[in-house]
Amino acid sequence: MQKRKEKLQMGSQVLVALGLSLIGGLSTSIGALFVILNQAPNLKMLGILQGFAAGLMLSISFLDLAHNAINSIGFLKGNLWFFAGVLFFAIVANFIPEPTLAPVSDSKKKTRDEGGKDIMKKHRRQVLFSGIVTAVGISLHNFPEGMAVFLGSMKGLRVGVNLALAIALHNIPEGVAVALPVYFATQSKWQAFKLATLSGLAEPLGVIIVAYLFPSSLSPEILEGLLGAVGGVMAFLTLHEMLPLAFDYAGQKQAVKAVFFGMAFMSASLYFLEISLPEEMSL
């Protein structure tokens, strides 16, 4: 009888955590709405916003995931895990086809307009690839946030609600970062909204995994190391894919300013998220 009560209580806590994580995760959809309710940006504005998104990703990678790994498991181990993530995705990237121009006719009738269209096609493919990269990185970042919401709601509804609201505010610019390049590349509001929303669904997935599937015997050291490796993957993706686009479209000076603005914005967001947690917890 006692075990049955415990199971029922656990089930209700998981449902509450799922609901709260959905509030936090689906706020990426709000960010997507800001994008799709406006016209698609020109290339320069896109480059500035890509720089901003790169700043968000770099801040998460270096100042959150890698920083926490080094503090938890030591400087050497934290760095080994981080660069293992970098190396892993550098190898994977060799097998990912780069966006290229579609083959064009050698006909002399080809006009400058057609050549311009081919260049724009290449831009759109590059930007779409960048948007997918951003969505993957944001999803990986949102996953442990879902775990944090679950653990917070286990401590009490007030803690869970506060944390979910903090994460919701924190996730809105992430939704913008995912939806913007997809909207520019595809001209489809639905595709942009869908991908941004899916990246936020990593949070309730984190709740489900930590509640039911996560092995309780997994060492906290390995978990921190894996998150550090995720930071390495995100850093590689950002520097390899997003920054070159920002430089090409916005120019080096504007792109660098946007990167640092994005880093500052995300650092402030992470700080306010951190102070919303109880002292014994951390993201």
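Cβ atoms are placed via backbone N, Cα and C, with glycine included.
Remember, it's a predicted structure, so these values are computed and weren't measured experimentally.
Going by TrEMBL, these are the annotated features:
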type: TRANSMEM; residues: 12-36; note: transmembrane segment
type: TRANSMEM; residues: 48-66; note: transmembrane segment
type: TRANSMEM; residues: 78-96; note: transmembrane segment
type: TRANSMEM; residues: 163-183; note: transmembrane segment
type: TRANSMEM; residues: 195-214; note: transmembrane segment
type: TRANSMEM; residues: 226-243; note: transmembrane segment
type: TRANSMEM; residues: 255-273; note: transmembrane segment
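Note on the transmembrane segment (226-243): residues 50-51, 53-54, 57-58, 60-62, 64-66, 68-70, 73, 78, 81-90, 93, 129-130, 133-134, 136-137, 140-141, 144, 255, 259 of its chain, located 6 or more positions outside it, place their CB under 8 angstroms from a CB of the stretch. Comparison of 48-66, 195-214, 255-273 by number of C-beta pairs under 8 angstroms to the transmembrane segment (12-36) places 195-214 first.
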